[in-house]
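> Residues annotated as ATP binding site in Swiss-Prot: 29, 30, 31, 32, 33, 34, 35, 36, 134, 163, 185. The feature Mg(2+) binding site is assigned by Swiss-Prot to 35, 139. The feature deamido-NAD(+) binding site is assigned by Swiss-Prot to 114, 147, 154, 244, 245.
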């Protein structure tokens, strides 16, 4: 799909989702990365700068450059912007749960994501706004997000854009160059990057997922793209094993009902 057409669809989606709800504004967690920057830009175009609140939530290991880039986005868009350091909140958790000192980087990182989600909803509830998701299609398919953390949102405006498409649209909308050029990172621990964590680049991930979702087999994708079968299998294993992250919690129905009770 043409990237301009995709942008128009997303902007219409944002407006339609809020229409008739009595809610006019949005809260966006602006990390300093490309996904949240794009969501902020799209939200402003859909709702107006006066109706978008950006919140940056660093902690002790957050690079200064992330705070600077998040601030650039807010300044460029003219939106209200808050910086809330979550280091003290993390320390309260660590004091209350002594076992947390032995937690892996992933476990600790997931806690940070869930604290941030709670803060976004606090402000959304306070001002009667929605929490905008910043997940892209590549991450959502791979399950590369924290359940009830950065995955805990009201709507996902860029959830049907692959990471490579996010970059293309961000460049078109004028997202700052420092954000476009940096290595993608969830910022869950010091020095973390998405592609080191995943073991494969987003370019490869997207090249594999697009034909697979269009119905092509793994062998054909391997021969056509030259991507090793091990990488293709690894990507698809992530997609399958993280299905639970893309669905709502399952209910143990006591009869044959399999949808909503009122549907």
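Here, residue 1 is simply the first one shown, and the rest follow in order.
The backbone N, Cα and C atoms fix where each Cβ goes, and this holds for glycine too.
Describe each of these features in terms of where it is and what it packs against.
Residue 134 (ATP binding site) falls within neither a helix nor a strand when secondary structure is assigned with DSSP, and so counts as coil. In sequence order, 28, 29, 31, 35, 36, 38, 39, 150, 153, 158 are the residues near residue 134 (ATP binding site), counting only same-chain partners six or more apart with C-beta under 8 A.
Neighbour count (other Cβ atoms within 10 Å of the Cβ, all protein chains): 24 for residue 35 (ATP binding site).
Non-local contacts of residue 154 (deamido-NAD(+) binding site) by the CB criterion (under 8 A, 6+ apart in sequence, same chain) comprise 17, 124, 130, 131, 132, 133. According to DSSP, residue 154 (deamido-NAD(+) binding site) is assigned to coil rather than to any helix or strand.
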> Fewest other Cβ atoms within 10 Å: which of the binding-site residues 114, 147, 244, 245 wins that one? Let me know.
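244, out of the binding-site residues 114, 147, 244, 245, has the fewest neighbouring Cβ atoms within 10 Å.
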> Deamido-NAD(+) site residues 114, 147, 154, 244, 245: biggest Cα-Cα distance, Å?
18
> Please find, for 29, 30, 31, 32, 33, 34, 35, 36, 134, 163, 185 as listed binding ATP, the greatest distance between any two Cα atoms, in Å.
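It comes out at 18 Å between the most distant Cα atoms.
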